[in-house]
Structures are given as structure tokens and as C-alpha cells.
Amino acid sequence: MTVHQNQEKSGLLNLQEGIQVHDGISADGAKEQQASSGYQKRAQDRSTNPSLLKTKEFYLYYLVFITFIPYMFKTAHDASAEYNPNYEKFKDLLSDGWFGYKMDNSDQQYANFRNNLPILAAVISIYLPLGHLYKRFLVPVTPIKSPHQPLYRAYFFVTFSFIYIYFMHGNSLLKIGAIVTVNYAIAKLGGSSRLMPTLTWIFNLAILFLNETYRGYNFTDFHSSLAWLDDNRGMNSRWDVTFNFTMLRLVSFNLDYYWSLRQTREEKQKIDRDRAPATDKERVSTPTFEEDYNFIYYLAFTLYAPLYVAGPIMTFNDFISQLRYPKEIKAKTLGMWFGRLIFCLLTMEFMMHYMHLVAISKRQAWDNDPILQICMIGLFNLVLIWLKLMIIWRFFRFWALADGIEAPENMIRCVLNNYSALGFWRGWHKSYNLWTLRYIYIPLGGTRYAIYNIWVVFTFVAVWHDINLKLLAWAWLISFFVLPEIIASKIFSKKKAIGFSLGLENTTKMLLDLFGSLYGWTVMFGCFCAIFVCAQIQFEIREAEKRRGIFLNC
């Protein structure tokens, strides 16, 4: 165990930058960026140890697994069953489910996705055949290596995206188009000027605040004669909610364009355009042709329908690279990801019917529940949050994969398959993590100025998610504790769990119950034993991955 822990304890920010070994975040061709950052790639430990899966020690762990995991599910079920005294407090939040059972569909984000799943499936069933027919007859099969060869797929992307977004947001497409156009103008007018990145950030942060303040605006706010445009708001009037993802793509285009212009002649000559980039790292780090930074390709990237609503997040360089040098995505790979998506959907249906933990949390319906049940309410709420986000992200990622575009996978591991907070955050919403490293952390100086720039990074993370004082306070608290790595690990993960499940007041009560009775101490001892066993299994899982040549850094 000590060996594994020592491998992790190499400093929080160095560990976070270790992700970049895979993604190639620092290789932007902009010399002054790397020189000022003090950025160095962390050497990755690729040594392996013999398998322990068939040892007597692990047979004991297997016994613990097959005993405790079903009991954990039963405990969570007992907290939400009809015979629980608190059932009356949350039963009005339940709805009719499959086979006459009640289900908990009270999570608004997932309910919106689940209820619109048939419509999304219909859209995909229209998009994919049209896209493949278009590609078959109008798009060259060979790589498009010359800047004078147009990327015909981009025109299809733009056309379909306009129809798709108009269907979703109605006339708000005009608002989205105006913001996107202004951002493009900043990039083109600013060019290689050092002011361009600053103006890009000012504009996009201002849009975040304005969108939040005016909740997407009304056309009447601009002029009374435009009131008729407010009559058509599409299926979802809150276009500003999903626009946060669009904002990330706007920044990506502008900064990738800026860094491409800052390249020296020698750096440009080193780029081999005759072959496809060998790795994902190379696709992200290699600037595309200067001619590719045009308005049509910009719109195709910014409004790309499969990833428009929720990501995962790609960089402009990567997106255009995959159009010029298409990846070969085999039918077997698509089948595997589709199977995983279906399995996750079925797992979520089971959990929504078997345990009603979101409804319990909304009503705080755990009065006089045993302390173990309260612990399981908090734990499985975190699992449900992980599962719903993974389903949403994998759905849209699968759509993109079926379209021939490979976006990063956001959820690398199960939320419970983490023995350290550092590994947890590197594998949670990974594409966003990589985005913040590439466009914020490294340009601000990387590890050289880590003490200062982590405040900016975490502040942006909070503001991007929601402009809320509590989130800002959370971000600043984490920034304060992140400097000593060990303390940061404990505070970071604990505060996140508090915010999503029990709340601060009820967490305090839970801790008092744990330490204030013999039963509480018994529960805590059992939890520590279970956590120890889980950690040993997780160490061995990572060793098995390394023996197969898989290195995930989380």
C-alpha cells in the first residue's frame, strides 16, 4: 500500500499536469508560453508488479465484497422503502415506474434528459444517415492534407446545427449567433496581438455573467418592436444554460488561433502535414493550417450538434485535425460503447426504482434513521450524480463517435474506484479538466506560479458552473487548502460530497452520531475496514491495467 501511496504523493498540481502527458497540453508552439510557465512533464511510473488476484489475502477481500456490497444496497433501499417512517415526507416526489413500482425521477437534470430521450434518439436517427450519405458522396476518402482542399463536412455540420439549435431554442438562435460572431471578430481583429487573449477572456466572462443576470435575455430588452421574436423559444427556452459549454469552445478557437500565429517559421516547418497525427496529444498540440481558422470551420466546431448540449469538450485543433485526418472508429468499438451506454441506462433505471435517494435528500427525510442508512444516503447520492452525468456525456459522445469524431471520455473510472482525491478529480469530467489546464493553468505559469494561479483556476471552475456565492466560497476554500496536498485531498472530496447530499448541518449531525455512540463507532470501524479492502482492490486494478499497457494517471 505504501508503494502506491508514494507514487501518488508528488504534489497536487504536478499530478494534475501529469494528465497532459496523454493530452499534450503544453506543446502549443508558442515559445513564450512554455518558457514562462516552468512547465515540465512528469515522468510516469510504468513499472509493474506480479498479480495478487489469486492470493489468500485477496480471497478474503472477495468475501468482504460479496457480503458487504449487497448489504450496502439493502441499507440504502431500507432508507427509501414504504415501511420507513420517513416515507410520507417524500412519496409525493415519486412517480409511476415500470411494472407498477414507484420510481424517483426527481433529479431535474436527469429527468429532462430521460424525458427527451426519444426525441434525441429520433434526431440521431435522422442525423447519422444524412451525415454518412453526405460523407460518402461529397467527402474525399483520403486525408485532406492541403489547406486549399475544403473540409466539406464542415458545411454539413453548420447546416444541421442551425436546424438543430433552432428546433431546441427557437429564435434564440439569433442571440447565440450574435455572441459567436462577436467572439470570432475579436479573434480576427486581435490576431497575434497580446491583447487578443485578454479581450477573449473579458468578453466570454462578461457573457457568462450577463446570461446569468438576464436569464438568456428577451428580445424586448433590446427593442419593443422585437417582441414577436420572443414568441418562439423552441423546446427549451433556457439556451443560456447549455451555452456554458459553447463558451469553452469559443475560448478554445481564439487561443488556438492566437498560438498558431505566434509560431516561429522554424516551428511551422517542423510540422509534417503528409501524415496523420500519431496521438491524441499531437492532434491537440499541433496547430492546423492558418486557412482553417475561418468562419465556417469555426461555426462547425462551435455549434457541432452531437457535442453542443453537454460536451465532452474538444479543442479546435483536435476537431479540425479529425476532419483532415479522420480517425478509424471500428464497428466493434461503436458496439462496445453502445453496449456500455445501454448497461448504464439500465443500471440507472434499477437504482431509480430500488432506492429513492434524491427525493430523500430534497426533503431531508432521514429523521431517526440509523447512522449507517444516513451514510448510505450520502454515498449513493454521489454514485447517482456520477452515473447520471456519465450517461449524459456518454450519450452525446457516442453520437459523435458514430459520426466519426472522437471526443475525450469524461468519466474514466467509477466514482467509487478511487483511493485518492487526486485521482478522483483527474478522472471526473476529464475533458473539462484538460481544458482548464490547457487554457488557464499553463498560460498562467503552471507549477512555477502554482501558489497564485490555482486561485484563478478554482474561481473560474466555480463561476463556470454557476455564479453563486456558495460555490465561490467553496472554490476559495479549496484553493486555500490545496497548497498542503494531503489536507487538500481530504477537504476537496469531503466538501464536494457535502454540497451534493446531506448539507453541512446534517453532516455535522451525522458525525456526532458516529462518534457519540457504540453503534456509531461500530459502523465507523466497519466502514474503515471496507475502505481498506476497496483500496487494495483498486491498487490491484491499476496494476492489472499497467500489465496490459494501460496508463490512465488516475
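Cβ atoms here come from the backbone N, Cα and C positions, even for glycine.
Going by TrEMBL, these are the annotated features:
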TRANSMEM  58-73  transmembrane segment
TRANSMEM  117-134  transmembrane segment
TRANSMEM  154-174  transmembrane segment
TRANSMEM  195-214  transmembrane segment
TRANSMEM  295-316  transmembrane segment
TRANSMEM  337-359  transmembrane segment
TRANSMEM  371-391  transmembrane segment
TRANSMEM  449-467  transmembrane segment
TRANSMEM  473-493  transmembrane segment
TRANSMEM  514-539  transmembrane segment
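At the 8 Å Cβ cutoff, the transmembrane segment (58-73) and the transmembrane segment (449-467) share fewer than 3 close pairs (sequence separation 6 or more) and do not count as touching. Counted over residue pairs separated by six or more positions, the transmembrane segment (295-316) shares fewer than 3 Cβ pairs under 8 angstroms with the transmembrane segment (514-539), which leaves the two as not touching. Comparison of 195-214, 371-391, 449-467 by number of C-beta pairs under 8 angstroms to the transmembrane segment (514-539) places 371-391 first.
Take the transmembrane segment (449-467) and the stretches 154-174, 195-214, 371-391: counting Cβ pairs under 8 Å, 195-214 has the most.
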